Amino acid sequence: MKVTLSALDTCESSFTPLVVIELAQDVKDETKEWLKNRIITKKKDGGAQLLFRPLLNKYEKETLENQNLYLVGASNIRLLLGAEAVGLVKECSDSTMRAFTYGTRKNFKGFDDNNDDFLTMAECQFIIKHELENLRARDEKMIPGYPQAKLYPGKSLLRRLLTSGIVIQVFPLHDNEALKKLEDTWYTRFTLKLQPLDNIRGYFGETIALYFGFLEYFTFALIPMAIIGLPYYLFVWEDYDKYVIFASFNLIWSTVILEVWKRGCANMTYRWGTLVMKRQFEEPRPGFHGVLGINSVTGREEPLYPSYKRQLRIYLVSLPFVCLCLYFSLYVMMIYFDMETWALGLHESSGSEWTSVLLYVPSIIYAIVIEILNRLYRYAAEFLTSWENHRLESAYQNHLILKVLVFNFLNCFASLFYIAFVLKDMKLLRQSLATLLITSQILNQVVESLLPYWLQRKHHMQVKRKVQALKADIDATLYEQVVLEKEMGTYLGTFDDYLELFLQFGYVSLFSCVYPLAAAFAVINNFTEVNSDALKMCRVFKRPFSEPSASIGVWQLAFETMSVISVVTNCALIGMSPQVNALFPESKTDLILIVVAAEHALLALKFILAFAIPDKPRHIQMKLARLEFESLEALKQQQMKLTAEKLKDESREEGGEKMAG
């Protein structure tokens, strides 16, 4: 990254700005000095031991705007020690993946003392974020200059600074040269090709790369469903008994694609090092608060919070709130059916072309309302989950995802289940499913990518004109970049992106025997989604901090649960079809028993397939077993060495006693 401002021309010639901290405009000087000291102080004295510089020097602040922007970096040695502290895994010279240690750095592929490229920029920014988040209060009772911003031992300083409004934001800087190269190989040329997942991982980290890998894989996996569904849509629309083959294929397909994805994911994450990364003793999340104490497992000093208080908050507040929201969602759904009845009655009474178009209006309005409710509920769920005070980031994410999934599932699919199994109106089911699917896809494309990109472009031009007018003879390349990026939106993670795919998977798998075209619409949407999401990551939002990840996490379980529900749904829909009912004119009990037996048989087949397909390829299993064996051997050798030294010391003591005697 090109650095041109004189503020960085210091004795630290190797200083490369990696992270930006923006303070509020009226922050007091003593607060700035205290924060600077905590960041640059040595680790043993409670600091982060990082490099900290203002973006502008005194002269430039007078010439340009008085921005409270500061740059954070780190020396190469500090980053290498940080890589060891966070447990980064890198490739060794013998092609194995091992946790990096500074003492054995020469054994790792591509390492050179004179080379600063061993760690990717994303890894460096992740290390700095980790160090900043783990700056905790020691003896301070408050933030200097702000008596109302109370502190207690163990409290995350960055969290308190953010909640107090002293720090506005903390974000990693883009590398414009690397970003341009990534864009050229990713989305700027509209050709059918695989995404450069390794390059995405190198720039944005494993979590983002895994999302794009899953999006690409899921899109290609939908193509067989789309191809098979097209003739069913064209030729056998009303013959539901002929959909048995299609529905059966759908059930096997949904199981196989998820199991095969796990194998591909294991291959990728082993190559990236995160599959081997040890995270058994995850540190408390920055938002976790409690009385400072000693963790009984790790022996480390950290905030402690009684689990019974968390459980009370979950069961006495969060659970009732979620139930209330679900009830409200069902109430809105009944209003939608009243609108459908009104539109249908109007059409039957007049029968004009205008009223035939009006039949789709209730579904379109309901689809928009669903999107609004989903987004409002998301904010409430985030607040509640944060208030529950979960110690680990993984626990926080799992509780948040569970809350949001339950509401979104009911909000998006309750009307379809009601139409299918209460009203038993297959024509209305097809119409509603098509409208919900297409409307939600269009809204997501506009709200997530196109509208933010247009607003960002407009703001970008305003800032460039402003900087050109202000900078006079100063080369403010870095200043311009930081000012532009600080005004960009903040990427809130892959949650919404996975949720969109989860709902899409539900539309495709739950009612495939009624609307086979769902897969085709999903494929078309996802081909554009890859490019719009790439544009969003590169040009709309600030660069997110890299986060190591070994899988898509709890989303894998969510997709697998949806595939189980789809078995029951499709079997019930086929059992309700007139053609199948005609086979059992006298006894409906026999029909129910056969449908239940078929459903159990398909579920059994599904679980057999899931068991038969290993989650990790054989060669990955062998490499992981080898690493575990070597770790045990190394531990054994260390214990033998300690035992030998102890015996040697004891023999020396005995020899000394004999000589004394």
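Residue numbers in this text run from 1 along the chain shown.
Using N, Cα and C of the backbone, Cβ positions are placed for all residues, glycine too.
According to TrEMBL:
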- 200-626: domain 'Anoctamin transmembrane' (DOMAIN)
- 208-237: transmembrane segment (TRANSMEM)
- 243-261: transmembrane segment (TRANSMEM)
- 314-337: transmembrane segment (TRANSMEM)
- 357-377: transmembrane segment (TRANSMEM)
- 400-421: transmembrane segment (TRANSMEM)
- 501-524: transmembrane segment (TRANSMEM)
- 591-613: transmembrane segment (TRANSMEM)
Recorded stretch, among 243-261, 400-421, 501-524, maximising Cβ pairs under 8 Å relative to the transmembrane segment (591-613): 243-261
Segment proximity, the transmembrane segment (208-237) to the transmembrane segment (501-524), 3 or more C-beta pairs under 8 Å: yes
Result, the transmembrane segment (314-337) in contact with the transmembrane segment (400-421) (3+ CB pairs under 8 Å): yes
Annotated stretches the transmembrane segment (243-261) and the transmembrane segment (208-237) touching (3 or more Cβ pairs under 8 Å): yes
